[in-house]
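According to Swiss-Prot, the protein has these features:
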BINDING   R31, R79, G168  N-(acyl)-sphingosylphosphocholine 1 binding site
BINDING   Y51, R53, Y138  N-acetyl-D-glucosamine 6-sulfate binding site
BINDING   R53, S54, G85, Y108, Y113  N-(acyl)-sphingosylphosphocholine 2 binding site
BINDING   S114, R144  N-(acyl)-sphingosylphosphocholine 5 binding site
BINDING   W116, Y137  N-(acyl)-sphingosylphosphocholine 3 binding site
BINDING   Y133, Y138  N-(acyl)-sphingosylphosphocholine 4 binding site
REGION    1-29  region 'N-terminal alpha-helix that contributes to the pore'
REGION    11-30  region 'N-terminal region'
REGION    105-120  region 'Trp-rich region, which is important for the binding to lipid membrane'
Amino acid sequence: SADVAGAVIDGAGLGFDVLKTVLEALGNVKRKIAVGIDNESGRTWTAMNTYFRSGTSDIVLPHKVAHGKALLYNGQKNRGPVATGVVGVIAYSMSDGNTLAVLFSVPYDYNWYSNWWNVRVYKGQKRANQRMYEELYYHRSPFRGDNGWHSRSLGYGLKSRGFMNSSGHAILEIHVTKA
């Protein structure tokens, strides 16, 4: 399949070059993000929803992501002369009955804010919403988009490793693997 937002690709193929291609497809937008999430969890993921605190996406969240595959997604600030970034949470139901949630935050104003990201497994099925955003952004030790790799145990037999840059043209690459 093509390296475009909304696609599911082989997990081994996920990398910065693919995410840059997804990002460039958004064109000349001041605040945008390309997201790639590699499923090496041993579980199948089914899309639930994306909650946008600010910004939007023209892309439908890839519906099924099998083990060994990676999803590609994007987001951008709202069109027009509005001072917003692109901030949201993606939620996937996993075949074990739990929910994988991924936060991304690309602010408009870097004088006051930085890029942030987070990943967490919730018990049971939970759709992304404002409450989940607040929890992941303020209370669950998010990672700064600091051009470095970060790892964390997610519980439920899983761990994550991810990278986010510090630019307004952001890339977020996350690998979810068996612990």
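Backbone N, Cα and C atoms are what each Cβ position is placed from, and that goes for glycine too.
Here the features listed in Swiss-Prot are painted onto the structure.
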residue	record	Cβ contacts under 8 Å, 6 or more apart
Y51	N-acetyl-D-glucosamine 6-sulfate binding site	G88, V89, A91, R127, A128, N129, Q130, M132, Y133
S54	N-(acyl)-sphingosylphosphocholine 2 binding site	K77, N78, T84, G85, V86, V87, G88, Y108
Y113	N-(acyl)-sphingosylphosphocholine 2 binding site	G85, S105, P107
S114	N-(acyl)-sphingosylphosphocholine 5 binding site	P107, R144, G145, D146, S166
W116	N-(acyl)-sphingosylphosphocholine 3 binding site	L103, F104, S105, Y137, P142, F143, R144, G145, M164
Y138	N-acetyl-D-glucosamine 6-sulfate binding site	none
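Same-chain neighbours of the region 'N-terminal region' (11-30): 3-5, 36, 38-40, 68-70, 72, 74, 76-77, 108, 168-173, 175, counting only residues six or more beyond its ends whose CB sits under 8 Å from a CB of the stretch. The number of other CB atoms found within 10 A of the CB of R144 (N-(acyl)-sphingosylphosphocholine 5 binding site), across every protein chain shown, is 14. Sorting the binding-site residues R31, R79 by the number of other Cβ atoms within 10 Å puts R31 first. For the region 'N-terminal alpha-helix that contributes to the pore' (1-29), the number of residues in each DSSP class (helix H, G, I; strand E, B; coil) is 12 helix, 3 strand, 14 coil. Of all the binding-site residues given, namely G85, G168, the one with the smallest number of surrounding CB atoms inside 10 A is G168. According to DSSP, Y113 (N-(acyl)-sphingosylphosphocholine 2 binding site) sits in a coil region rather than a helix or strand. Across the region 'N-terminal alpha-helix that contributes to the pore' (1-29), mean pLDDT in this model comes to 90.
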